[in-house]
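Asks: What TrEMBL records for this protein is below:
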- B:Cys347, B:Cys407, B:Cys410: [4Fe-4S] cluster binding site (BINDING)
Amino acid sequence: MPIEKFTTLESTFVPLPIENVDTDQIIPARFLKATTKEGFGNNLFCDWRYEKDGSPKKDFVLNNPIYSGSVLVAGKNFGSGSSREHAAWAIAGYGFKVVVSSFFADIFRGNALNNGVLPVVVSEGFLASLFDCVNKDPKAKVKVDLEAKTITNMTTGVVESFEINSYKRNCLLNGYDDIDFLLSIKGDIEAFEKNRQN
Amino acid sequence: MAGKTLFDKIWDAHVVKSVEDGPSVVYIDRHFVHEVTSPQAFAGVRARGIKVFRPNQTFATPDHNIPTLEQHLPIREELSRHQVQTLAKNCEEFGVTQFGLGHPYNGIVHVVGPELGITQPGMTIVCGDSHTSTHGAFGAIAFGIGTSEVEMVLSTQCIMQPKPKKMRINVEGQLGKGVTSKDIALYIIAQLTTGGGTGYFVEFAGSAIRSLSMEARMTLCNMSIELGARGGMIAADEVTIEYVKGREYAPKGADWDKAVAYWRTLHSDADAVFDKEYTYKAEDIEPMITYGTNPGMGAGITANIPTLDSIEPASHITFNKSMDYMGFAPGDQLIGKKVDYVFVGSCTNGRIEDLRMFAEAVKGKKKAANVVAWIVPGSRQVEKQAKEEGIEKILNEAGFEFRQPGCSACLAMNDDKVPAGMVAVSTSNRNFEGRQGPGSRTMLASPLTAAAAAITGVITDPRTII
Ligand code: SF4
């Protein structure tokens, strides 16, 4: 199924300076009973975001109206824990297009990419300065350029390159996914199976 | 040219195609599915108007959502029932074998695959579940995937993965009394942190690892994901071959001989190069327990919780948050902390040896009055065996309840939830905030340490009760 195309994005961002944010925090297990991909955004970070009675917790960043934007900037080792893609659906469903951190758990990173969310790995220093800038000015912005593989801290002007392989980059730029690709090489897969038997 | 690692040998044999500056197309031998991460994938296959490409290489079992009492009745909770029914319908529609609720082979997917011999050395094995790493204990490449990838495997029997880097972790020497493979896992994760293995596939080696039983090896590989690694593996040897032999889906006759001959070639060459290598001494490992909210926050049971000055300043916020959640203070002694719940089960420690170990330790003793304990077998077959061996009887006499199989309190998607603020000693694999129910506080440990807690009501060194 086509994913949304991604080229460049300039946006304010939401800071979440907590390390090791795991998938159980991103979307608690009790929300995994759905059989479709829709509706997970409302429960993103549910236990940090809402009181038991469902009212928003005032001190959680997503409930603070001064922060906005389609970029989430998180502490290191984001997305550790389970392989549940629901975490990526929750992030995408909430409206985030980019997650910035100094380190991502492997499975989360792949899941995010498969759902049109770009994980951007930055240096510890770059990350710290983003937190610093948004502390001083909640309207601080970043710019992400997928073509050039760069991220810019718009407050300081500092630019950093990030890694993404050209296959995945092309998928995002053109809005196609792995299954489209795999289906297109089915002949190779069948040939592989035949060869193995011999 | 340097020799190949075990991982290389299996990986290279499964690459269908390499994409330039991109991932490899990797062929998948065995695919396991359960009810939680598959409905959207089956829906995707349906939406594309295609069939499941190789339905006989996929096996399904519901496990995450199922109750552990009265499994003969319809599942009470509507969403869970719907998810379990959806799995059954999807398997039927697409011709996939399912061990449904009530089937003699039903159970936790990572317990079922090995016990049926579906899991074999040299294979590539995936499942929409991170603890697929368990199957690596057989000398297979096994790892968890997301739902998009489940859809890829259903559609094409392949996934696209960059080749991970390779790490070897050696544990040499002899384990002390009361020290199990769960303790090895928690020890290594405490040493390397939950991000220490990120980007790597780990091979466990060394004399202490070789001496482990097949089930103990599964416990260790199961937890390799908690190290952040893509997976963990142990080269197949006689222990492995003996375990697989004769199981329902194991090769038979001439196929068996051929398979075994191949499996014997699957080990890292002496001159193979790893991107990272660590060596630990088995003698240094104590029974372990976690005190925080990630599996890396663990210590030897006789130790104290670290004080702030031993922790990097940048991590203080995270550490304090974790202590607040657990209701502990830095520097606290672990032994003697009050325990409210004990959970024995999960794909980490829900096999027959785990139940034996627990039963042996509690035999003739009594459960502490302040503790609620759930003993949950990993599969129907484990349940049956435990009954036949008299384990259930021992448990009942000691005041424990033996339940029906499933994931249960490991992630508390069913009714088995630890109430907020309560401390649970759990043989599962994750102690994240809310993992065992909203507000629950989890301390991960081996079945032996769980037994010691269950009969004393407080954190207790298991070496004092065996
Ligand atoms: S027992 Fe726990 S870790 Fe294992 S598959 Fe079930 S939920 Fe996942």
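One is the number of the first residue shown, and numbering goes on along the chain from there.
Using the three backbone atoms N, Cα and C, a Cβ is placed for every residue, glycine included.
Could you place these features in context, so I can see how deep they sit and what lies close by?
Replies: Reduced to three states, the DSSP call for B:Cys407 ([4Fe-4S] cluster binding site) is coil.
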Asks: Go through B:Cys347, B:Cys407, B:Cys410, our binding-site residues, and report the one whose Cβ sees the most other Cβ atoms within 10 Å.
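Replies: Of the binding-site residues B:Cys347, B:Cys407, B:Cys410, the most buried by Cβ count within 10 Å is B:Cys407.
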Asks: Are there binding-site residues in B:Cys347, B:Cys407, B:Cys410 whose CB lies under 8 Å from a CB of chain A, and which ones?
Replies: none
Asks: Using DSSP reduced to three states, classify B:Cys347 ([4Fe-4S] cluster binding site) as helix, strand or coil.
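Replies: Once the DSSP labels are grouped into three classes, B:Cys347 ([4Fe-4S] cluster binding site) ends up as helix.
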